[in-house]
Every structure is written in C-alpha cells, then in structure tokens.
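Some features that Swiss-Prot has for this protein:
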| type | residues | note |
| --- | --- | --- |
| ACT_SITE | Asp8 | active site |
| ACT_SITE | Glu68 | active site |
| ACT_SITE | Asp140 | active site |
| BINDING | Asp8, Asp140 | Mg(2+) 1 binding site |
| BINDING | Glu68 | Mg(2+) 2 binding site |
Amino acid sequence: MAIVLGVDPGSLKTGFGLVNHVSGRCEYIASGVIRMKSSDELPERLKTIFESLVEIIECYQPSEFAIEKVFMAKSAGSALKLGQARGAAIVAAVTNGLPVGEYEARKVKQSVVGSGAADKSQVQHMVRTLLHLTATPQEDAADALAIALCHINTQASLIRLAGSRQFRRGRLV
C-alpha cells in the first residue's frame, strides 16, 4: 500500500491530490486547491503553501510525494515564482521524510491520457475515469491527481523492469 501526494505548484493556486495504490489498483482519497491571495507578498504565499502541505501530510500520512517540474513560463518572473512555489512544496515533503518524484508535464499527460499534448479537459476526464469519481475535479486538483497517478505508474514500471532484468555496473545485461 502506498499513498501518494501529488502536487501541481503555483504561486496563486497549488493543487494537491492523494491517491492510494493498493494491490495494483488506484483509489481516490482527497484533492483540492490551496489558494493564496494575490495581494499577499510572495514570501507569505510560500509560507501558506508550506504550512498547508505540512497539514495535509500530517492528516493523510502519504508515503510518497510527486510534483510537476518547472516548464517554460510566460516570463522569467513567472518561472522564478513557480520555482519558489515548487521549493516550498518540496521542503514540506522532505521535512516530513517523504521521497520526492519529479515529472515533466508531458510525461504526466502521456501517462494518464496517452498523449503528451493533451489539454486540461482531457486530463480532467481521464482522472475522473481512472479514479471512478462522480464529479470532475477542478483543473489544479485534477493535475495534482494526474501527477500522483503518473508517479504510481512510473514506480510500478520501474519495479517490473527491475524484477525482470539484470543490471551490472548500471547497465542492462
């Protein structure tokens, strides 16, 4: 059993999603969006991200943490803010002893939808379908759940690969 906390970072909205991986099945636990006030200074928003994620970690006790990597942004300032939001989230995870998996947006979409070029509505639809949800999750929450599902799929693939192949000095034999 592994509970994975997926996070879609942002300086104004940070999505989170928790998925339980049991016996090859994925079960929805919870999801939501941490909202910050645009009027707050960036350090205050980063504190909100950190404290909210620590609270979520303490409440749900996930065993693994997955987050989206920084991708191209509209501006250098946006990229820096996104990087700082990621940093606050990652520090919340490592402070609580969680291993961190990082995934590019294209890999997440490929893993969940089957296309790295999928749009937000396709991700929402597949997350709803894969987790048997009765309602469509908000965009940021759906992205976070997709990140958790990508992490689960990636880890399962690595375990299968390690069990079926032999490596010597880091190379496949």
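Glycine residues also receive a Cβ, built from the backbone N, Cα and C atoms like all the rest.
Swiss-Prot feature annotations superimposed on the structure.
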{"residue": "Asp8", "record": "active site", "DSSP (3 states)": "strand"}
{"residue": "Glu68", "record": "active site", "DSSP (3 states)": "strand"}
{"residue": "Asp140", "record": "active site", "DSSP (3 states)": "helix"}
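With respect to their backbone Cα atoms, Glu68 (active site) and Asp8 (active site) stand 6 Å from each other. Reported as a whole number, the C-alpha separation between Asp8 (active site) and Asp140 (active site) equals 6 Å.
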